[in-house]
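Engineer: The transmembrane segment annotation in TrEMBL covers 7-27, 54-72, 79-100, 106-126, 138-163, 175-199, 211-231, 243-263, 275-293. Among the features that TrEMBL reports, region 'Disordered' is placed at 303-325.
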Amino acid sequence: MGLSSDNIHGLVLAVSSSIFIGSSFIIKKKGLMKAGASGTRAGSGGYSYLHEPMWWAGMISMIIGEVANFAAYAYAPAILVTPLGALSIIFSAILAHFILEERLHIFGMLGCVLCVVGSTTIVLHAPQERNIDSVKDVWMLATEPGFLVYSVIVLVLVAVLIVRYVPKYGQTHMVVYVGICSLMGSLTVMSVKAVGIALKLTFSGMNQFKYFETWFFTIVVIGGSILQVNYLNKALDTFNTAVVSPVYYVMFTSLTILASMIMFKEWDSQSASQIATELCGFVTILSGTFLLHKTRDMGNTSSSEVSAVARSPKQRHNTNNTNSD
C-alpha cells in the first residue's frame with residue numbers, strides 16, 4: 001500500500017529523534033565522568049552530575065529527541081517508530097569513536113549497515129496508523145482486559161526489581177537497571193502515543209484536554225520518564241556505554257512492540273507475509289546491534305579483556321582478588 005503521509009511524518013520525526021538521542025548518550029556520559037571525578041558517582045547514588053553543565057547539555061539533547069519521538073508516535077504506529085531507535089545507536093557509536101575513544105571496529109560498521117537495512121525493511125512494510133477520533137478511543141483500548149493484565153504484570157515486576165534487586169544486584173548486573181527502564185518505558189510509550197494523539201486532535205480544533213483520560217496519560221508519561229532517566233543514569237555511570245545502549249534498545253523495543261500489539265492490535269490488518277517481513281527486519285536490527293556491541297568491545301580491548309568490559313568495577317575487583325589468591 002506504500003507509506004501514508006502520516007507514516008512519512010512519523011518517519012522524519014523518528015529519524016530526527018535518533019540523531020538527538022544518540023548524541024545525548026555521549027554528552028551525558030562525558031558529564032557523568034566529569035561529575036564522578038569530583039563527587040559521588042551516579043551509580044553509587046550520587047547526584048553531583050546535576051551541577052555539571054555538560055550533563056545538562058546532554059539532557060537538553062535528549063529532551064529535544066524525545067519531543068520529536070513524542071510527535072512521531074502521534075502520526076505513525078509504534079511498530080514503525082520504536083525500531084528506528086536503532087539509528088540512535090549508530091549515531092552514538094560514531095560519536096563514541098571520536099569523542100570517548102571507543103573504537104568502531106570494521107565489523108561494527110557492518111552492524112551499522114544491518115541496522116539501516118532492518119530499519120528500512122520495517123519502514124516499507126509498517127502498518128497504517130489506526131484512525132482515532134478521540135482520546136476516549138485510546139482509553140477504551142487501554143482498559144481492555146489484555147492490556148490491563150500486561151500493565152499489572154509490568155508494574156509488579158518494576159516494583160520487585162526496585163525493592164528487592166536494585167540494592168543487591170544493581171551494581172553488578174546491568175539487566176536490573178535496564179529492565180526497569182525498559183518495562184516502564186513500554187507503558188510510557190503507550191501513554192506518549194495517547195497524549196500525542198490528544199495534542200494532534202486538539203490542534204485540529206477538537207479539544208481533548210477537557211477529558212480526564214488525557215491528564216491521566218500525561219501523569220503516566222511524566223512519572224515514567226522520571227523513573228527511566230534516574231535508572232538509565234545509574235546504568236550509564238556503572239557500565240560501559242557500548243553495552244548499555246544496545247541492550248537497552250533491544251529490551252525497550254521488544255517490550256514496546258509487545259505492548260503496542262496488545263493495546264492497539266496493529267497487526268490485525270496485515271497479512272502473515274507482511275508481519276513476517278517486519279519481524280525479519282526487527283531481527284536484522286537486533287543482529288546489527290549485537291554485532292556493533294561485540295566488535296566495539298573487540299576494538300577497545302584484547303580478547304582476554306572483552307568479557308570484563310560488560311562487568312562493573314566491583315566484579316572486576318573480585319575477579320582480580322580471586323586470581324591473586
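For all residues, glycine too, the Cβ spot is worked out from N, Cα and C.
Worth saying up front: this structure is predicted, and the values here are computed from it rather than measured.
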Engineer: At a Cβ cut-off of 8 Å, and with pairs 6 or more apart in sequence only, do we get at least 3 pairs between the transmembrane segment (54-72) and the transmembrane segment (275-293), yes or no?
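Structural biologist: By the criterion, they do not touch.
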Engineer: Counting Cβ pairs under 8 Å that sit 6 or more residues apart, are there three or more between the transmembrane segment (211-231) and the transmembrane segment (243-263)?
Structural biologist: no
Engineer: Thinking of Cβ pairs under 8 Å, which stretch from 7-27, 79-100, 175-199, 243-263, 275-293 has the most of them with the transmembrane segment (138-163)?
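Structural biologist: It is 175-199, which has the most Cβ pairs under 8 Å.
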Engineer: Looking only at residues six or more beyond either end of the transmembrane segment (106-126), which have a C-beta under 8 A from one in the stretch?
Structural biologist: 3, 7, 11, 76-77, 79-80, 83-84, 86-87, 89-90, 93-94, 274, 277-278, 280-293, 295-296, 298-299
Engineer: May I ask for the residues of the chain that lie six or more residues beyond the transmembrane segment (7-27) and have a Cβ under 8 Å from a Cβ within it?
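Structural biologist: Those are 54-55, 57-59, 61-62, 64-66, 68-69, 71-77, 80-81, 84-92, 95-96, 99-100, 123, 126, 128-129, 236, 241, 245, in sequence order.
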Engineer: Rank 79-100, 175-199, 275-293 by Cβ pairs under 8 Å to the transmembrane segment (243-263) and hand me the top one.
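Structural biologist: Comparing 79-100, 175-199, 275-293: 175-199 has the most Cβ pairs near the transmembrane segment (243-263).
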